[in-house]
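Quick look at what Swiss-Prot annotates:
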- 1-72: domain 'Core-binding (CB)' (DOMAIN)
- 84-246: domain 'Tyr recombinase' (DOMAIN)
- 149: active site (ACT_SITE)
- 212: active site (ACT_SITE)
- 244: active site, O-(3'-phospho-DNA)-tyrosine intermediate (ACT_SITE)
């Protein structure tokens, strides 16, 4: 299995730090299961994660699930296994608390899904707005995005941690940020890309709407008033934001 771990890591385009992280987590996984994958061994491994914090557990589960899929895809495993996080964040918690989603900025097999998630999380955009984003809407000199919708124009500041992932997409051919043969992708494509990315990060409970809610909570924490936030979101009225300011 050690060779399988090395082959798996080599198959992914990872930074040095990410390679070390994957290797450490999967080596730990190997030691616990003894190189044999079955339901009992996986249950034993999952039990061993109880001592770790939720963020660390999610990282380890993500690495192991990707590795298990790799083994299944190659035919090494005859049965498909997938570990689930037992301590799920409830919908109530998601609505009321800012989540630690720093793993969204790490390596992924779904770069389009990651960019969609980060555009929602960082700018509060809806999937429909993202689907219509033109590269000309971005000013990379001043790091701003201009969006015009329903005769309302808003200027959004691009966060520094979003730029590396965004610039990579802006350098590709085409007028739209996301397009195929000059045409925008379907709504189902955006949904699938985002879902695949969220599954990879063990955040299956999240949706585009809940990611947008994270943007709202963060902006409120940063001191934005209800009126200011409604302008950032392109809302005609701030009424729908009232519940966040009670």
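Using the three backbone atoms N, Cα and C, a Cβ is placed for every residue, glycine included.
Structure with Swiss-Prot features highlighted.
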{"residue": "149", "record": "active site", "Cβ contacts under 8 Å, 6 or more apart": "129, 234"}
{"residue": "212", "record": "active site", "Cβ contacts under 8 Å, 6 or more apart": "120, 124, 125, 126, 233"}
{"residue": "244", "record": "active site, O-(3'-phospho-DNA)-tyrosine intermediate", "Cβ contacts under 8 Å, 6 or more apart": "216, 217, 220, 226"}
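Secondary structure of the domain 'Core-binding (CB)' (1-72) per DSSP, as helix, strand and coil residue counts: 59 helix, 0 strand, 13 coil. Note on the domain 'Core-binding (CB)' (1-72): mean pLDDT across this stretch is 87.
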